[in-house]
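*Asks:* I have a structure here, written as structure tokens, and I will follow up with some questions on it.
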Amino acid sequence: MTSPRQQQINRQRNGHVLVWDQNGLNEIFEDTKPRCFQKRFFVTFMLFLGMANAYVMRTNMSVAIVAMVNHTAITDGHDDVFDDECPNSNLTEVEESQDGEFVWSSAQQGYILSAFFYGYVITQASLAIPIPFGMLAKRYGALRFLGYGMLINSVFAFFVPIAARRGGAWGLSAIRFIQGLGEGPIVPCTHALLAKWIPPNERSRMGAAVYAGAQFGTIISMPLSGLLAEYGFDGGWPSIFYVFGAVGTIWSVAFIIWVYEDPCSHPTIGEREKKYINNSLWGTNEMKIPPIPFRTIAKSLPFYAILLAHMGHNYGYETLMTELPTYMKQVLRFSLKSNGLLSSLPYLAMWLFSLFISVVADWMITSERFSHTSTRKIMNSIGQYGPGIALIAASYTGCDRVLTLAILTVGVGLNGGIYSGFKINHLDITPRFAGVLMAITNCSANLAGLLAPIAAGNLIDNQPTIAQWSKVFFIAAAVYIICGTIFNFFGSGKRQPWDNPENDHINDNHEAQRHNSSGPVTIVPASPKKTKQ
């Protein structure tokens, strides 16, 4: 039983009221806690699978393009020679030639890999500001926008082989752009559904479980893509898109049919669970969200700290995710079969480390030995300095394949600290507008991320040498470290004054003209009268 004194301390802590302090909630919580098959757990599981599917679609091209390109033809057509700095004699898995059917330069490959992110960024921007996609998301709900978006992404995967064979690099880029458009809603809409379904005292572990799907999808995608490229049908690499496209389509249909926008619209949810969720979230079935204070957000240094940390992370992460299979083929000379499996090891380490470090972060805060601000900065430093240092170290390992892979695995593994750093920091500084801030920072971060494969492709174009790849790694490392340092200077774990409900009248005055003309776009709890989405 919590003492009145402890309740008072909890209420004052970081501007939040703990869920179990709300009147009449203990009885509901005790009544629903023992039940294992709650609807919110099913929603969490489906969102986890959705995040995994999204990252499968995002990463499978990185492995497939290694099998699609005729590296010998590219070499024969240029004065530069294929990198032969690393000998083949000390590793049985190395192979001399495994060429595909397309003659695409490294620069062209970089544009193909980045095409997905152009579409992804457009949808992200549309969710953050009041233009057509954002208005559709507001009107029809996060569930439909997410479900149908992923359905588009999955269905168009079937057209990748046709587009590549008939339309070449530009045709393939167009299909990948459309797939990116479909996947754009995954992060902000997942954030919105978690806000509607998951009580605050469960949000840390449920959120970690859902976003762990990103690493899980990468872990599944890379080795299976390598095996399908080696042994699959229709020439190997096309089977990657047929198989994962089918899986994604099945998930999208199941998600649209079986998942509901909010507890109030679910026809079979238990009354006790529905009351528990609604009372723990809002204390009532409805909640009024004020206009978004864009002007004050634009002056907030903690917001810019999150923004730059997110951008720096995405640039470094996309460099590794899209280019690591190519590096392992061109320089370390791994076969396709082993390439996918070994490329997934760093993301397995990241997945496991993110789950472990989130528990440590929660302990640091609950033990009251560390503030929210210091915890976020420590975790984020691990998550961004770790891979930055690892990339620098990997630039000096030369042809030592085992050491290079070990360093990259540890570095990317430490990257898991960002989930307890800047990623969750949105909720610290603005619980009410966290979904909007996530859309804004995620959009900007993916703009930075799409530059990564373009920069790498141009740096190694016709020169896939260790020296050129070192430049790619050094640039990514510098971005990681600089952006992590900015977060340490300006980041905060405190709820910002512009998120305080007592200041809403000030925000209303500042934003009145803006919202009279276009209306705010934000993610709000659905009305209790809302029907099945």
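For all residues, glycine too, the Cβ spot is worked out from N, Cα and C.
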*Asks:* In TrEMBL, which of 208-228, 292-312 is labelled transmembrane segment?
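*Replies:* Feature transmembrane segment in TrEMBL: residues 208-228.
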*Asks:* Do we see three or more Cβ pairs under 8 Å linking the transmembrane segment (41-58) and the transmembrane segment (240-260), pairs being at least 6 apart in sequence?
*Replies:* yes
*Asks:* Count the Cβ pairs between the transmembrane segment (208-228) and the transmembrane segment (240-260) that lie under 8 angstroms and are 6 or more residues apart in sequence, then report whether there are at least 3.
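*Replies:* Between the transmembrane segment (240-260) and the transmembrane segment (208-228), which are separate recorded stretches, there is contact, as judged by 3 or more close Cβ pairs.
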*Asks:* Return the average pLDDT for the domain 'Major facilitator superfamily (MFS) profile' (39-495) as a whole number.
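*Replies:* Reported value for the domain 'Major facilitator superfamily (MFS) profile' (39-495) is a mean pLDDT of 80.
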*Asks:* Of the listed stretches (145-164, 345-366, 434-460), which one yields the highest count of Cβ-Cβ distances below 8 Å with the transmembrane segment (402-422)?
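*Replies:* Answer is 345-366, with the largest number of Cβ pairs below 8 Å.
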